[in-house]
Each structure stands twice: as C-alpha cells, then as structure tokens.
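Note sheet for the following structure.
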Amino acid sequence: MIDVVETTSTWRRLSPRMLVIHPFQEVVRAAPALLGLLVAGTSSGGQGQWWSIGGVGLMVVLGMLRWFTTTYRITPEHVQVRRGLLTRKVVTVPRDRVRTVDVTSHVLHRVLGLARVEVGTGTSERRREGRLKLDALSAAEAARLRVELLHRSPVAASTASTASAASAAEISVTPPAGSMPAAETELARMRPEWVRFGPFTMSGLVTVGVVAGFVSRLVSEGNVDLGRVGPIQETWRWFSAMSLLLEIATVVLVLVVFVSVASTLGYVLAFGNFRLTRHAEGTLHVTRGLLTTRATTIEERRLRGVEVSEPLLLRAVRGARLSAVTTGLRAAQGAQRGGSLLLPPAPRAAAVSVARLVLPRVADAASDSSASGASPVTVGLTAHGPAALRRRFTRAYGVHALVLAALVALWLWAGLPSWTWLTAAALLPLTALLAADRYRSLGHALTSGYLVTRWGSFSRRRVALECDGVIGWNVERSFFQRRAGLVTLTATTAAGKQGYQVRDVDLAEALRLAAAGTSGLLDPFLVEEQHISPVG
C-alpha cells in the first residue's frame, strides 16, 4: 500500500443493485441475535417482535450506508477504494503491483448479475493487507476489469505513466484490439467420477461445528429448554436405553454418515463446474462453484512451484489436491479454501499430470526429447537416514508414554476408569505405524531447477519449488536435533507460505542442497576444510 495520490479521475460507486444485497447481508450476520431478541421477548410476555423489527431496520440502514459511503476509481497508475462514514479510509493499489484478480459471485450476486472483485498485490497476504475489495460490480464490468488489470499490453503500460490526469470515463477497461486474449487451452475439467473423493475430504466437520455453534447460540440467547421438546425427549429416552458400547457405535455411525454427506455436498457445491485453462497472455484461469462461483487468475511468470497435498483419508483412496506456489495468492487451506487451488481432490495421477503441464520448465522438458532431468512431481526422493528414523520413533513413543503416564496417574489418584489407560496402551502399535509412515514421507531432491521436499503423515505434502524463486536459506537445529546430528533446512521465498522446509536432514546434505540450489549464494559463508600434513 502507498499514500493516497489525488488525481482528477472520477470517483464511482458500486453497482446500485448492492442496495439489495448489503442490507440482506447485515440481517443474516445478526440473525442469531435477532432471533434471540424475538424468543426472549415473546417468552417473557413482552413485545419481542418489535425489538426484532427494530433490529432488522437498523441492519437495513447500516447496509445501505455501506453502499453510500463506498466509492472507487481506476487511474492509469492506481486502483483506489474509499469507504467509511465517520472515519474515511482510502486504500490505494499501484496497478503495476497487481498480482491477482479474484472474481466471486454468491447466490444473490448471480441472481442480480453482480460479482465481487478482489485485487491482490502479494504483500502482507496473511493479514489480508495487500488486497483491495470491490463488492460488487456488474458481472460484465468485473470481467472487463480483470482482463484490464492482468492483460495490459506493453503499449498501455508505457503510456499509463503519462495519463495520470485522465478521467475514469476516459480509461478503457477493454484491452486494445491487438491484445485481446486468444483462445484458451483447457488443462483440466471437473469429472463426475471425482465426486467419490468428497467424503474423504472431511470438510463436513466444519459444517457440524457451524451447525452446533448456531444451535447453541440460538438456545442460549433464546433461553430455550431443549429437554421439553417432544421429539428430542423421545430420542433421548431411546438412546439412554442402549448399552455403553451401542451408544458409542450409534454416535460414531451417525457422525460418520452426517460428515460424509455434508462433505460430499460441500465438494459438489465448491468444485462443481471446475475448469483450469491457460491463456496466451501467460495466465492460468481457475473457475469453480455451483451456487457460489469463483474465478481466479494467476500470472504464470509469478508461479514458483506447486504443492501436491495428500491427507490421510484421501491418500487411502489414491487421491490428492494440487495448489500453486505463487506470489500474490495466500496458500491453500483446507479442502475448499485458498485462491491458489489448481485442482480439487481428484485422482493422484490427474494431480501429477496437471502439475507437469503447469510447471514451465517441466512442460518445456516434456516437449523436448533432449531435455535432461526428471520431473519434480515424479522424481524419486532421497531418504533421510537412520537418525531421522530414530527421531520419528523417539518423538512418537515419547508423546505416547506421557499420555499413558497421565492416564495411569488419574486412574490411581482420581478414580479414572481403568479402560482409559488400557485403551491407550493397546494403541501403541498404531503409534509405531504413525512413526514409520512419517519417516516414509520424508524425502528431498534437486532436479530440473526445482527443490523438491516431502513431509507429513496425516497430511502428506510434496512441494516442488523453483530454485530461481529462493531468496535465502535458514538452517535450524534444536537441542535434540544437535544430539542426532540433524538440521531443518528452510528455503525462503516470496511465494506461497514464504518458507518450505527440508526436515531432519544431515547438515552436510543440507549445505549441499543450498549450495546447489542457489549457486554462489552460500560461498561467503562456507569454509573449506584444510588438511595439514605432518612434518618429517
């Protein structure tokens, strides 16, 4: 962000149709409190409906004020948004710093022909300080704005600095005729058979938490006694008549079914109509979503690598998801979130295939039969040796022993049932399997100009990071790592998570990787070992 630069460009408002959406959004946010006012007022013999009506009216006014107090303008050098009633705030993004343009349309947006635009600069992405939001423009205006900000021709870019006094009406949001995007090349498309991976994403757990939280808040604020509700009373009586084991089995079965259905439904809604395309201007375009559509554009020149993620359940059915390691986009989180997503949960072979198409050097090598070097998404990885294996088992057994000791102590002095520590002791083989799997996941390689690192068990991740995007190296050694002769090597980059680790590797191997990955960067810090021959 930079200081406000005043020009003569005209400030414009968002689409007037947002006067319908903004008030509705405010009412939805305050729905639990409004329902609580209604129930509390009615149950106490008061006029609860009037309090609720007044609250709805207040939310409508606040929503309308958001539209009246928000304006924006686009100059040849900047994109600016001005908002606020009592405290005015102006957010300014230089156009030459624009890295991404995210276009999202929720259900109401689509009904009214609107789209929300988020412009990312790649700075302070984790705190969301590097993003500018326009909620919302007409769908056509949002599409033109995306093309204008990311597909500016060299002529337009060179003349932008001399047109600072041009008004917004004089700024064309349509690229010149010679710079219109060419036909797109489709790299991937959602397939119906991929829906089978939905239950294994476990995204339905979030739905369970949201529903439970909403019901809890509604019951608390409305002073509702669920024990007096007839169907709930009958269900509780039926459930209480079961044995303990049957109760546990019933709860687990209901939870698994509910989470699986919710996860599958969420998968279809989030990734329906998914398409990944490449454009001649050097961009990748991702569109997805049924009810809420989202379109993300990534400049390929800012792509620094890819991440293949395999959560435990998804790995069990040979599935994986693919994300981009790029500047200007926050790292993907969970099964559905993150603008860096390149492929939703799908067969691992599909993720590997798309990764090879997306990585520039890999794609060039695939078309050049004389190219040397294995693909970073399929190359065999170097294991981390016996010391790393011992460290995995030591940590796993250590945590297990602490938990078991705590349960035994509670059994002896606090009356905890004995089956708790007996169950923990019986789970020791699972701890060994977890430690072994974590070791098998460890690995690294350096091939085709990419640093490849893999780690994790519950969520195995394989990252291929372009060495040209590495700006530094960190070598860390904990107390226990020093005793084992191991280090953690972190490649620092401006893309993705800003740092990717090669964990529990030998110090000599870590230095070799860093020196080979960025030629000459470590030379001032390395000391050659000198051998002195004895005299006589």
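Yeah, the Cβs are placed from backbone N, Cα and C, and that goes for glycine too.
Database features, via TrEMBL:
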type	residues	note
DOMAIN	67-146	domain 'YdbS-like PH'
DOMAIN	439-514	domain 'YdbS-like PH'
TRANSMEM	50-68	transmembrane segment
TRANSMEM	197-219	transmembrane segment
TRANSMEM	239-269	transmembrane segment
TRANSMEM	396-413	transmembrane segment
TRANSMEM	419-436	transmembrane segment
Recorded stretch, among 239-269, 396-413, 419-436, maximising Cβ pairs under 8 Å relative to the transmembrane segment (197-219): 239-269
Predicted model, mean pLDDT over the domain 'YdbS-like PH' (439-514): 94
Distal contacts, the transmembrane segment (419-436) - CB-CB under 8 A, six or more residues away: 392-393, 395-397, 400, 403-404, 407-408, 410-411, 457
Helix, strand and coil residues within the domain 'YdbS-like PH' (67-146) as assigned by DSSP: 21 helix, 37 strand, 22 coil
Helix, strand and coil counts within the domain 'YdbS-like PH' (439-514) (DSSP): 20 helix, 42 strand, 14 coil
